[in-house]
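Annotated in TrEMBL:
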DOMAIN    44-161  domain 'Msp4/OMP-like'
DOMAIN    290-435  domain 'Msp4/OMP-like'
SIGNAL    1-29  signal peptide
Amino acid sequence: MSAKNYNNLFLGSIMMSLAVLITCQGAQARGAAKSTFEVEKPQYFYIGLDYSPAFSNIRNFTIQESNGETKAIYPYIRGDKEIILDASRFDWNMPNPRIGFKNSTLVAVGNSIGYAMGSMRLEIEVSHERFKSRGRYIGNEREEESDTIYLLAKELGHSAVTEKTEDLVSALTKVKGTDIVRFADALEKTRPDISKKICRTRSIPGGRNYGKYNSYTSWFKDTNNLTALCGDIGGSSTKLENYNMIQNSFRDFARETLIDENTNWPTTTGDNVQGNDNAKALARDLITLLSREEKIAVAGLMVNTIEGGEVVDIGEISSTSVMVNVCYDFLSKEGSIVPYGCMGLGSNFVGIVKGHFTPKPAYRLKAGVSYKLFSGVDIFAAGFYHRVFGSTEYTDIPVEYLVDDVSPYGRTKETAMADFRMSYAGGEFGMRFAF
């Protein structure tokens, strides 16, 4: 909803409230002389202060980067003395943990200013609630600051650690050959042991004719062993001059075969080739040849070098509401206890990360009793129900970046978007001062 629509909604609620009050005031004036026993209905301004703890009902919370490319979220591994946003410090064994929120108790305050006209009151109420994120660890474990930090992972990294070969092939076909070269260079520098395991050329029995990487698969591969296919087998020649006893691996594949962004990726160059054969071969090796720990290392490097990844810190959801309430006091000529009910319409300013707020329309219902403590001072207690309605999407949420992200510009997005339904109920206890 646009800012203009929010203004129209807010002004409309005020005009509707004023119309109701004017009508009621007219009715009071016409009936003022009907009975000498009628309750006095003064007119006055007032301010109110209250404490309003609330039970949260934040449902179906999800978050992803702004283009919707997030496939899973991964939590930060607890226990580090210092929080460093490195891909290796996220728990790749725990995809999509449930994100829940606690009740608002400590920071739950409100205030109001209003005008009473007999039994009717019109007030503007501002209240603030904070629903802290619930840690994913239960029992006696102490919650840590890192428990609210999550990595928004895309298809490559997620497919690698979840061993979804078809999804990994699909993701690999969408990237360029230069991306694979960048990934191969990083893998060779940080984990050469993994680099040696994948895209290893093969030989006929005897280990004499290993495939040798080249910018194309030679018509004479049977004798010269030249190939552009990841993990290909060499020729079958038995002549000594055609032997190649040096086994090539991923580093050689990237350097000799992927000479630009399109050549031999995701499909080899030549006749009678199978579509996406290099992407399929690399995916096969990553899934079948690596240990769990090695797949996690590969996933982190894919995030850093190819597809990028966003980090969000969801410490709490805050809600600051500005409501226009119409209230009715059930006045009587006996006793100081006055039941009342209110209906309100306005806006909530919802915060998911620090310093960023999204306006949403909301309504509020409450019922309670007030007690006249002494002249001009009432105390009150009430129950309330508050609901945010309209679109459940919250966009343009700022994100943080991994410290070692060298993916191409634009792969890591600047914002994220969340989706959830929000309502809460609770009680309010406070004082009103008339003047």
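The backbone N, Cα and C atoms fix where each Cβ goes, glycine too.
In terms of DSSP helix, strand and coil, the domain 'Msp4/OMP-like' (290-435) has 16 helix, 91 strand, 39 coil.
As a whole-number mean, the pLDDT of the domain 'Msp4/OMP-like' (290-435) in this prediction is 95.
Secondary structure of the domain 'Msp4/OMP-like' (44-161), assigned with DSSP and counted as helix (H, G, I), strand (E, B) and coil, comes to 14 helix, 59 strand, 45 coil.
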